[in-house]
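What Swiss-Prot lists as region 'Disordered' is 1-23. Swiss-Prot lists 39-59, 83-103, 113-133, 135-155, 170-191, 213-233, 266-286, 303-323, 331-351, 361-381, 392-412, 418-438 with the feature transmembrane segment, giving sequence analysis as the kind of evidence.
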Amino acid sequence: MEEEDEEARALLAGGPDEADRGAPAAPGALPALCDPSRLAHRLLVLLLMCFLGFGSYFCYDNPAALQTQVKRDMQVNTTKFMLLYAWYSWPNVVLCFFGGFLIDRVFGIRWGTIIFSCFVCIGQVVFALGGIFNAFWLMEFGRFVFGIGGESLAVAQNTYAVSWFKGKELNLVFGLQLSMARIGSTVNMNLMGWLYSKIEALLGSAGHTTLGITLMIGGITCILSLICALALAYLDQRAERILHKEQGKTGEVIKLTDVKDFSLPLWLIFIICVCYYVAVFPFIGLGKVFFTEKFGFSSQAASAINSVVYVISAPMSPVFGLLVDKTGKNIIWVLCAVAATLVSHMMLAFTMWNPWIAMCLLGLSYSLLACALWPMVAFVVPEHQLGTAYGFMQSIQNLGLAIISIIAGMILDSRGYLFLEVFFIACVSLSLLSVVLLYLVNRAQGGNLNYSARQREEIKFSHTE
């Protein structure tokens, strides 16, 4: 205890205000990197936060990066292959409601993050063992366990961000976290196929053992994320002791009875969300073989094209977030994003144009939609219902992804890629119709969702007077 008190006194003696004014630090004061009230220390924490979710996002799309190898080595059709994505989504139909509750009331942010990181690690290891032992059911079970940790770990990551950066660069932090997530997905898409070929050359043959070893090596990223979770827990506990700050909480209040009070605009936002994302993530999950078969690309080139959505999303998400913040007009931006996605899918389905064009357009529209759609929930729901609204939105998104992943696999097995693309076009068209309906309903109700940034500022100012 005496050492802890000395550390706290040393840090407080050389506080950030003195350092910012250029005053000399008190004797015995620790370096800025060790002081939880200083920017340098917060940047260290930010680095750990970004890598906290890296393993989860890297391994989520392992099946997409190894689609050909998984189907060949495990001798499964596309329908069974897509179950690897469906099993990830099923637990999150329920857990989206309770992830925040578990972090706030049961585990706490530190233990919650460690536990969810362990689920991610164990799930990936079981997934890899399924390949090594040629047991596809074990791979499915591994993806289920992986899913239990994956989405809840993202909630924990956001909770840490708010705890450390609220009022201090928070929007930038969220943008950087999203960018790191997309980098993880991109690295996976371009690395795993190459890694498989190297292990195949080393072992002298392809097969389920080669697949399992490749997935096990990919799981090292999950161990890296677990190490970050442990380091964050230590630093957060240390900061709480030194600065007497409270442990971070999600602030979510989930009341399922609030669902009956949801307005028509909110239900339309839910429909837009589900119909849009089911035409993006399952497509990426199946995209590699599509680019190989239709356009004649090599496996490596097909992986690069398939990952371009994430490549573009990494730098553009913060840019589009700033753009929407500065301009407002959320519905118009959502309309542009959904329309551009529809054009992208139509180009891929009905033309032989270079798919880089369509995929770059899809990457831009995907980034724009996330920045414009999700904040709209806060404009149509009272603050005390936000946790329920976002939980419900994520829940039905995961339900949609689970069901559509299976349907997409069945369509591809029975009808081929053209029919699958027509199916995705139908989903995006339904999303576009919902955006138009949202615009009309919102206009009839006063138009608050489509206010400009200036109008929102004026209304906010008038309410404070």
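Yeah, the Cβs are placed from backbone N, Cα and C, and that goes for glycine too.
From a predicted model like this one, the values you see are computed outputs, not experimental measurements.
Here the transmembrane segment (83-103) touches the transmembrane segment (392-412). Their Cβ atoms form 3 or more pairs under 8 Å, with each pair 6 or more residues apart.
Within its own chain, the transmembrane segment (213-233) has Cβ neighbours under 8 Å at 45, 48-49, 51-56, 58-59, 62, 66, 69, 110-111, 113-114, 117-118, 120-121, 124-125, 127-129, 131-132, 153, 160, 184, 188, 192, 195-196, 199, 203, counting only residues six or more beyond its boundaries. Below 8 A, the CB atoms of the transmembrane segment (392-412) and the transmembrane segment (266-286) form 3+ pairs separated by six or more positions in the chain. Sequence-distant contacts of the transmembrane segment (135-155), counting only residues of its own chain at least 6 positions beyond either end whose CB sits under 8 Å from a CB of the stretch, comprise 52-53, 56, 59-60, 74, 76, 80, 83-85, 87-92, 95-96, 99-100, 102-103, 112-113, 115-129, 225, 250, 394, 398. Within the same chain, the transmembrane segment (361-381) stays apart from the transmembrane segment (418-438): fewer than three Cβ pairs sit under 8 Å, each pair at least 6 residues apart.
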